[in-house]
Structures are given as C-alpha cells and as structure tokens.
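As structure tokens, the structure follows; a few thoughts come after it.
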Amino acid sequence: MPVAKDNQFWDALMENKVAKKLIKKHKCKAKCENIDDLANRYEVSKQEVEKVFKIFQLMDDDGSGTISSSEVAKMLNELGIDVSPKVVQAVMRSSDVSGDGQIDFEEFLAAVTSKIKLSTVKADVQLMLSKIDNNPEKVISAEELVVAWSETVSTNITVKEACALIQQADTQGRGKATIHEFITMCQTV
C-alpha cells in the first residue's frame with residue numbers, strides 16, 4: 001500500500017516536538033475566533049484548535065489568512081521534508097476543499113483533525129486485532145469483532161456493522177475475512 005505523499009507533511013506537523021518548536025520559534029499574536037464552535041464541529045478540545053491555529057499562523061507567512069502552495073513548500077523545507085512539486089500538490093489537493101488554490105484555517109483544521117482521528121482509529125484497530133489473535137491468517141467472526149471492538153475502541157458496533165466491515169475486508173468473496181485482510185482494508189481507509 002503506497003503511503004500518501006501528504007502524510008509525511010501532516011505527520012511531521014502533528015508531532016508534538018515539532019509543533020512546540022515551531023510555536024516557540026515564532027510568537028503568534030492573533031487569536032483564533034469561534035474556538036468553541038470549531039472545537040464542537042470538529043470534536044476536538046479548544047486547546048487543540050488553538051494549537052492548530054498557531055501552526056496555521058506560522059505557515060501563513062504573508063498574513064493573508066490562507067496558506068498557498070509556496071507557503072506549504074516553505075514549511076516542508078523547514079520540517080526537512082522533500083519539497084518536490086508532487087508532495088506540495090498532494091498537500092494542497094488533500095486540504096483545499098474549496099478548490100481556490102489556498103488553504104484557509106477551517107480547511108487546515110479539518111485536515112489536521114482528520115489525520116489525528118485516523119491515526120487514533122488505526123492504533124485502536126491494531127490493538128483490537130492483536131486481542132483477537134496474532135495469526136494473520138485467522139478468520140475473524142463478526143461476534144469476535146464486536147467483542148474485541150468494544151474492549152478497545154471508544155465506541156461499540158453492532159453485529160450487522162461488524163458483518164459489513166468483514167464483508168468489505170473480504171477480498172475473495174467468502175463472507176469472512178482474515179486478520180491480514182482486515183488490517184489491509186483498515187490501512188486503505
């Protein structure tokens with residue numbers, strides 16, 4: 001499974017050491033407005049919204065309130081990441097929902113929070129699957145998936161939902177999935 005070209009950028013930005021270093025390096029004066037609304041809509045804490053806003057401000061060199069592809073390239077360079085046009089395009093394409101060629105704060109917040117949530121879910125799924133069995137060829141039943149899910153992930157799923165997940169992971173149309181197939185399916189989400 002090839003890694004998305006923008007993942008390296010988002011992973012580096014979200015790494016606490018990098019974020020703290022960037023925030024200390026550049027003092028941001030402006031405040032984020034509508035913190036409560038944004039925190040509720042994106043299901044994150046106010047502190048996370050403020051942290052993401054500070055990082056956004058660091059990237060917005062010209063103070064326009066948006067991030068351009070050249071500002072993304074500059075940040076990639078500062079993070080020590082390959083600044084190829086393809087990587088910059090991948091970051092812009094994954095974030096610029098409006099299609100105007102710029103990333104505004106809400107688009108940036110949406111991209112960052114979705115990456116954070118996805119990495120949390122993937123870690124939860126890995127833990128969940130390790131509770132079922134370490135044999136990657138073991139077949140998972142819907143009932144096993146429901147039990148393991150409830151023990152590791154912060155939400156519950158029904159047997160019907162578990163069946164749908166297994167069906168999606170099933171690459172051979174058998175009506176069942178191995179742990180390996182399930183992991184592969186989760187990595188492509």
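Cβ atoms are placed via backbone N, Cα and C, with glycine included.
Looking at 31-54, 151-174, the range annotated in Swiss-Prot as coiled coil turns out to be 31-54.
For E71 (Ca(2+) 1 binding site), the nearest neighbour among the listed binding-site residues (D100, Q102, E107, E144), judged by C-alpha distance, is Q102. With a threshold of 8 Å between CB atoms, the same-chain residues lying at least 6 positions outside the coiled coil (31-54) that come near it are 19, 23, 105-106, 108-110, 112-113, 116-117.
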